[in-house]
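What follows is a short report on a single structure.
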Amino acid sequence: MSSILKEIEWCPGCGNFGIFKAFRNAVKRLGKDGIEKGRIVVVAGIGCHGKLPDYIDQPSFHTIHGRVLPMLTGIKLANPDLLPVGFSGDGDALNEGMEHFIHAAKRNTDVALFLHNNEVFGLTTGQFTATTPKGRRTRTTPFGNPEDPVNPCLLALISGATFVARGYAGNIKQLEELMYRAILHRGFSFLEILQPCVSFNNTWDLLRENVHEVSPAESFDDALRLVMDRFATGVLFKTEKETFEEILHKNRV
Amino acid sequence: MDINICITGAAGDGVKEAGELCAKLFSELGYYAFVYQEYQSRIRGGHNASIVRVSDKPVHSHRKYYDLLVCLEDYVYRIHEPYVRGDIIYDTKFSCEKGGIGIPMTEIVKEANEPMIFRNAASLGAIAAYYSIDFGVLEDVFVRTFGEKAKDDVVISKAAYDHFLEHHQAKMSVERVGERREVVAGSKAIAEGLIAAGLEYYYAYPMTPASPILHYIIKKRRDIIAYQPESEIAAVNMAIGSAFAGKRSATGTSGGGFALMSESIGMAGMAEVPLLIIEAQRVGPSTGMATYHAQDDLNFVLYPSHGEFPLVVASPYTIEDAYKLSAELMNLAWKYQTPAILLTDKHLVESLQTAELHGAEIEETEIVRSSDGVMKRYELTESGVSRYAVPPAIAKFNSNEHTEYGITTDSAEVRKAMHDKRVRKEKLILEDVRGKGYVEYFKGKEAVVTWGSTFGALYEVVEELGYRLIVIRYLRPLVLPELEKAKVVECNRTGQLAGLLESRGVRVERVLKWDGRPFTPEELREVLG
Ligand SMILES: Cc1ncc(C[n+]2csc(CCOP(=O)(O)OP(=O)(O)O)c2C)c(N)n1
Ligand code: SF4
């Protein structure tokens, strides 16, 4: 908890608590590796997830809805020594921010994006998002969501992300490990976090029963199959590729 | 001497380059030049025109009527013929109804086995001969512009030059009047001004007429990262990200792209990030006329985003001023940690002029780069300006209302104090720009007021018509000249600057043009005389 803030404003039981705890542990671990806190720069979008910067003592930018990734890109380009980490919601990254998501992955921008996927708009009180399952009733789909959901890991994979992982807000130990590895990964790291929203999409039971750990895919084709299992957690795919920032800085004379 | 040459043809005929080279030809001999580029939003066909004005005195505009028309296509000839007050040089691939000086440009180019775009070199040979300019001068221009690759241009233009002198009389003899002058595009002046003020990152999504700025920076400066991201929204947020990480950055666009940036401009205001945006106006609303000139975004740019926050909006009135002003705005954005907008227009960005770029420099500001624990990024200060801090300093930026530490809040007390703090900066900015808010010329009985590139044509006629001329540079904060009434000249339908002055108690008379073409001195003489 931050030294300058005493109260956390998430609903008791919200998945965000686990995510927050895992991140703090990951930062501590990076600190033990000699990475100073000031280098891990946090950008968050708008939504319940977006309150996270208030709770940490790190450089941060609580930006506007959907724009986490272009800001992370601008930061990394301006100072490649920093480790930019983005926190975004399914609404933030995949509704308003969809164009940036695909492009950041395509460029292999060397940043990490942590997606709080609670399959719903939390802060605006329960409307459907790009990841809400088909048929689900929400405040704006009272007769059932007519759209098929986006699979964030599949989208990241086919867009060119070089690190694709999935975690679960209820498994803090694993989440910490995934965050740690995502931050250190050179290239675009995408981590989907299955997050219950106790107020509008309480999936604790569903997740507890179904999530399971898998080992990383051996090939891209393998990864395509792996990401289709919505409850598979762990690093799903990992590869190495020159990053966007490396190429642009190399071209600089 | 004062001549006005129009080179015209289809898109793809190299008319734009011909205009630029023509200006260089005369500026090589020490003349002043101004080039107006008119073209359609298409890649082949249509009609393009470069109007090159040359004078022994400084010029900031083209004229409506031509002393010489150089014509590469017959259908284009018909469009421009009404404006000819002198001779016509044409390619004998068509026969010119009115007669004129036929040069077999197509044949010359075919003989040299070059693509048809080389007719623009042939047309330059003919122009040089028409004004009896020594061929060596033209050759120098080609070599300086194209280096090694100039050979083909030189061969073709020489053939046209010789053909002209064998069959026709030169019109007049243009002598050297001084040292060579530089010909500068408005886009280059803006880019160089930004660079002089420390630009390191430029993000922009292509949109006419702002694109040449992006092209220029990418091509000329390999030490700057200039990049085309997925959209204007990405561009502006990348610029904000880079500024947050401590680097001077900017973005540029036209009206439609600026509309997309709107929310982020407000964020820069709230989070107090230095953000510089170049807004190059073209005809609106919506996609409007992509390649034509207007000054109709003023009202929008003055209030581009929701909420209240300090914002600087200024408009350069000449290409030389564009260089100075873009640097001024970059420095102001950093000094006051708030968005600044250079509001320019197609006529300024895409025109060329003999110009000397000077008066732009970087004004360093203090940046905190380390801290023990979370710092008061938004410390409440008397001036409203807090210390700027970048990571690894632990500074928290926030697009929500926030405390001095950058923590989100909806406390009434804090909100009021923070909002006051931000708005307090407006007073400082006003003091800072007071001496540069507007420029005045001539002592006349009545005042004519204008802004942006409209200055060029106006400047030429106000003195002879007995007016005093005022050009507004800073539109927000507006530094109001002492005025009771004025004629306000601008390129829009409603009189947006006029409205702004009216709201400040000035009695105005509107002199407007909104057909996509800038004013010419002739037109202004008629409406103001
Ligand atoms: C441009 C814009 N549109 C809409 C909103 C309103 N808004 C605030 S939070 C939010 C949804 C956030 O959902 P998500 O990203 O899934 O985050 P969660 O609250 O679930 O963590 C919306 C639409 C806004 N702030 N800005
Ligand atoms: S609304 Fe949902 S996501 Fe937001 S804090 Fe409450 S439980 Fe968490």
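Placed from the backbone N, Cα and C atoms, the Cβ positions cover glycine too.
According to TrEMBL, the feature domain 'Thiamine pyrophosphate enzyme TPP-binding' maps to A:45-193.
Feature annotation from TrEMBL assigns domain 'Pyruvate ferredoxin oxidoreductase beta subunit C-terminal' to A:197-250. Note: the domain 'Pyruvate ferredoxin oxidoreductase beta subunit C-terminal' (A:197-250) comprises 22 helix, 11 strand, 21 coil (DSSP; helix = H, G, I, strand = E, B).
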Checklist line | Counts by DSSP class (helix H/G/I, strand E/B, coil) across the domain 'Thiamine pyrophosphate enzyme TPP-binding' (A:45-193) | finding: 56 helix, 29 strand, 64 coil
Checklist line | For the domain 'Thiamine pyrophosphate enzyme TPP-binding' (A:45-193), the mean pLDDT of the predicted model | finding: 98
